[in-house]
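Novice: Below you will find the structure I want to go over with you.
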Amino acid sequence: MSELLNQKSSIQGKVHSGYLNSIFDLSGNWLHDATDTKTLAFDGYFISLYYLHLTAFPLVLNDRVKKSVPPHWDPAALSRFIQTYGTHIIVGMAIGGQDLICVRQNSSSTIPTSELRGYLEDLGDVMFSDGKSPSLIQRKSRDGKQKV
């Protein structure tokens, strides 16, 4: 899941980002989060309106920037460099948004994963509909019973 969310955020790699931690209220401690979490799921839309990516390769740094890199370990000089130039080079950007419903199921939950998935899909159908669908209160389950 972290790889998918990274792709949607134009980030490479499988390591989960602060974004994943944020939307599922995770601590960032992988071992703790894995033992405390039974299921992570989301439903929604990722909407890209515009995407810009620099194609110049390889990127060439300005000589002034190259000369500003501290030649040896010097915390004060490194701090000045970071304050001046930052820590990242932006090579692309996306403009758009997302509309997600996120579910984190604790390991102590007795709800079967399949039931949770069905509920998430139903909730997504209502939340992301055109407004003509019945509300959750008016909806019936697949077996004809009133949904809660």
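Cβ atoms are placed via backbone N, Cα and C, with glycine included.
According to TrEMBL, the record shows the following:
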type   : residues : note
DOMAIN : 1-148    : domain 'MACPF'
Novice: Within the domain 'MACPF' (1-148), what mean pLDDT does the predicted structure show?
Specialist: 78
Novice: When the domain 'MACPF' (1-148) is classified with DSSP, how many of its residues are helical, how many are strand and how many are coil?
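Specialist: Each residue of the domain 'MACPF' (1-148) counted once, the result is 52 helix, 34 strand, 62 coil.
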